[in-house]
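Asker: Before I ask anything, let me first share the structure, which is written out below as structure tokens.
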Amino acid sequence: MDLLNRTRSGFERLFGAPAQATFQAPGRVNLIGEHTDYNDGFVLPAAIDYHTVIAGRTRPDRTVRLCALDLDEAWSEFDLDAPISRDLDAPWSDYIRGVCQVLLSEGYRLSGADLVIAGNVPQGAGLSSSASLEIVTAKAMTGLSGEPLDGTRAAIIGQKAENDFVGCQCGIMDQLISARGQQGHAALIDCRSLATRPVAMPADAAIVIVNSNVKRGLVGSEYNTRRLQCEEAAHIMDVQALRDADMERLEHYRGDMDDVTYRRARHVITENARTLAAADALESGDWSRIQRLMAESHASMREDFEITVPPIDGLVAMISETLGSQGGVRMTGGGFGGCVVALVPESRVEGVVGIVRARYAVEYGIEPSVHICHPVDGAFPGA
Ligand code: GAF
């Protein structure tokens, strides 16, 4: 049974009546532009065909009742008229609670609701399962309550919930692409203006995502540390954000910062330039340029931003060996484990999957998971 039907029939079984409506939001893969979003920079993600789904129905009272189908049908419940707090026994519900709290604080009039949640975005893999939960929640709660909402607004609300309620100082990329992705396209997003430019994928392109299945233990604390280091570098260079600095300015201020701060800033400045170049390379189907830019991006994440781990570097090395100049590969997402993304001509998919299956588990003792993905519409297509 597909995900939408499974969620709908789960609702009917658990609540004894059909759902009033079903909503979905996709996960994402970032092709290039890592840790640039919270520096007001550029990113190039695509929404992928893995989703979080909510089947829901309004209630006559002010209660929100939640059931997570995939977590052994775990339940959580809160009242829209009382202060909304985190649920230590059901931390998965915090994303939903956070989004409701932000919606209420911004004046949206929400109805009580019964909601059943299910999804197939790999959890904890750096493919934005949490952002997709935030976006589908914003869509479901406003949709059921008859309140209008557009994709950009939904993304801002999702990010605010994650920053202020859940406590991760993430940027806007994941929420924005989950809301506003476009089928067959990646999106070049300017994370300062939030303007997005759809970037058509080459007709023969395939996206292969390999999950290292390395547990992303440090991600919360290290992520927030990277963000502080970037802010420090911008402060030293007297710019609003690293987006406003170039290599000339960085070299000018090099003596005023320690080596770590210098390298963090160098990653962001060079990654912004690579992201803009990659959007053009993708549009013109220039595989060898895509290969070079993704390789440089990975090296910069490894050496300057220091967010890769040995199994991820190993995956990137073995895939790039087999690809030559026919497509690119790099780590994708926040780092410290998670996934690598290979952007390759369709004809090279088998070779990539073959090398990963033959070597990764033997060399690192962990079974990889492989996902062949296609860019899909976000939760608010055209918005
Ligand atoms: C995570 C964050 F949520 C994004 O905002 C982004 O910073 C990304 O890491 C790194 O590029 O996915």
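Heads up, the Cβ atoms here are built off N, Cα and C, so glycines get one too.
Quantities reported herein were computed from a predicted structural model and do not represent experimental measurements.
When I checked TrEMBL for this same protein, it listed these features:
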- Arg28: site 'Transition state stabilizer' (SITE)
- Glu34, His35, Thr36, Asp37, Tyr223: substrate binding site (BINDING)
- Ser130, Glu162: Mg(2+) binding site (BINDING)
- 279-360: domain 'GHMP kinase C-terminal' (DOMAIN)
Asker: Considering Cα atoms only, can you say which of Arg28, Ser130, Glu162 is the nearest neighbour of Glu34 (substrate binding site) among these recorded positions?
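Answerer: Closest by Cα distance to Glu34 (substrate binding site) among the recorded positions Arg28, Ser130, Glu162: Arg28.
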Asker: Using only C-alpha positions, which one of Arg28, His35, Asp37 is spatially nearest Ser130 (Mg(2+) binding site)? These are the recorded positions in the record.
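Answerer: Given the candidates Arg28, His35, Asp37, the nearest one is Arg28.
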Asker: Record lists Glu34, His35, Thr36, Asp37, Tyr223 as binding substrate; longest Cα-Cα distance in Å?
Answerer: 13
Asker: Pop the mean pLDDT for the domain 'GHMP kinase C-terminal' (279-360) in here, whole number is fine.
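Answerer: Overall, the domain 'GHMP kinase C-terminal' (279-360) comes to a mean pLDDT of 96.
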Asker: Using Cα coordinates, what distance in whole Å links Asp37 (substrate binding site) and Arg28 (site 'Transition state stabilizer')?
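Answerer: Roughly 14 Å, rounded to the nearest whole number.
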Asker: Could you list, ordered by sequence, which of these recorded positions: Arg28, Asp37, Ser130, Glu162, have a Cβ under 6 Å from ligand 1?
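Answerer: Result: Asp37.
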Asker: Please list, in sequence order, the residues in the chain of Arg28 (site 'Transition state stabilizer') that are at least six apart in sequence and whose C-beta is under 8 Å away from its C-beta.
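Answerer: Within the chain, Arg28 (site 'Transition state stabilizer') has Cβ neighbours under 8 Å at Pro45, Ala46, Ala47, Ile48, Leu127, Ser128, Ala131, Ser132, Met173, Asp174, Ile177, Ser178, Gly181.
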Asker: Indicate whether Asp37 (substrate binding site) is helix, strand or coil by DSSP.
Answerer: helix
Asker: Roughly how many angstrom lie between the C-alpha atoms of Glu162 (Mg(2+) binding site) and His35 (substrate binding site)?
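Answerer: Glu162 (Mg(2+) binding site) to His35 (substrate binding site), Cα-Cα distance: 16 Å.
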Asker: Among all the protein chains here, how many other CB atoms are within 10 A of the CB of Glu162 (Mg(2+) binding site)?
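Answerer: Result for Glu162 (Mg(2+) binding site): 25 other Cβ atoms within 10 Å.
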Asker: Quick one: give me the count of other CB atoms within 10 A of the CB of Glu34 (substrate binding site).
Answerer: 27
Asker: Does anything in the same chain, at least 6 positions from Tyr223 (substrate binding site), have a Cβ under 8 Å from its Cβ, and if so what?
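Answerer: In sequence order, Cys168, Gln169, Cys170, Gly334, Gly335 meet the Cβ cut-off.
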Asker: Using a 10 Å cut-off, grab the number of neighbouring Cβ atoms around the Cβ of His35 (substrate binding site), all chains included.
Answerer: 27
Asker: Around the substrate site formed by Glu34, His35, Thr36, Asp37, Tyr223, which additional residues qualify by having Cβ within 8 Å of the site's Cβ center?
Answerer: Gly33, Tyr38, Asn39, Val43, Gly171, Met173, Arg226, Val268, Gly334
Asker: Fewest other C-beta atoms within 10 angstroms of its own C-beta: which of the binding-site residues Thr36, Ser130 fits that?
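Answerer: Counting other Cβ atoms within 10 Å of each of the binding-site residues Thr36, Ser130 gives the minimum at Ser130.
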